[in-house]
Amino acid sequence: MEGKNGTKVSFIHLLGLQPPQHFIFLVFFLFLMLYCTTVCGNLLIITLVSYSKSLQSPMYFFLSHLSLSDIILVTDILPNMLHGVLIKETKILFSDCFAQFYFFGIVEALECLLLTVMSYDRYLAICKALHYTLIMHPQLCWILVIICWILSNLAMLIQILTISTFHFCGPNSIDHFFCDLDPILALACTDTTIVHLEVMSLGVFVVIIPFSIIIVSYGYIIFTISKIPSITGRQKAFSTCSSHLTVVSIYFATLGSVYMVPNKDQSWNITKFLSLLYTVGTPLINPIIYSLRNEELKNAVGKLINNFRNLPFNRKPNL
């Protein structure tokens, strides 16, 4: 990519988190532990859903894909960030920066769509219980997930193709721990209005409409639950969607705090902190929220542990 001076900008510097010198190793090991915990937690959910007969339902099928997207997100962001923590900045190719932004954008769009599909699934399970198994059959589940993956890829492909036509004249440094849209566009020496228009247009289809569907779905769910005569029945019905509602609230709250609040109203340090919440925090707590509030997942974990203990190499020899 050539700048105004004709020189080719082939790499950029990610300035990263920039912790104090005496906290570098502490911050590094903290985020390394968070990364390992996040990957292991989400892999556990995927494994449980794949092998546990009690979890063979649409809700857990969609949850496994949400866990997969969380693994992709932290793997896209954290290893590079950890490298930057140790050496205070990371020098990466422009093409690698684009690739990181591409996968980051895919996952963010994918999670919006998956959370919407999951809310629709909860709506059918509670409001259309008699017809739930007829409507939400395995073929439809796969179709919905494939559509989510395709739409999220298309949304990001449109942006990447547009941004790749820009000229970048530097400075070739980004005061962030990953390649996000605004820091990338700040390096461009051409008009970026078209990208902002694309983001607004795509945001309607990927964020606004899905969020509206979630709100409407839970409006019907709450109305249906309120008509259940017994308190126990209401609690049991709400417990099936409370975990998902918690994840939705955290996801859209953290995402909105970064992209809905104008950058001029917050410093880059605040932006970095808020970005950490949805790039690191949300993937970490998603498995925790679902496992803490879900007896079926707890039971599946217990069965998995028992099966592991009963493996031949774990049995104690008879004396």
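Just so it is clear, glycine is given a Cβ too, placed from its N, Cα and C backbone atoms.
According to TrEMBL, the domain 'G-protein coupled receptors family 1 profile' annotation covers 41-290. Marked as transmembrane segment by TrEMBL: 23-48, 60-79, 99-120, 140-163, 202-225, 237-261, 273-292.
The transmembrane segment (273-292) makes no contact with the transmembrane segment (202-225), as judged by fewer than three Cβ pairs under 8 Å among residues 6 or more apart in sequence. Mean pLDDT of the predicted structure over the domain 'G-protein coupled receptors family 1 profile' (41-290): 87.
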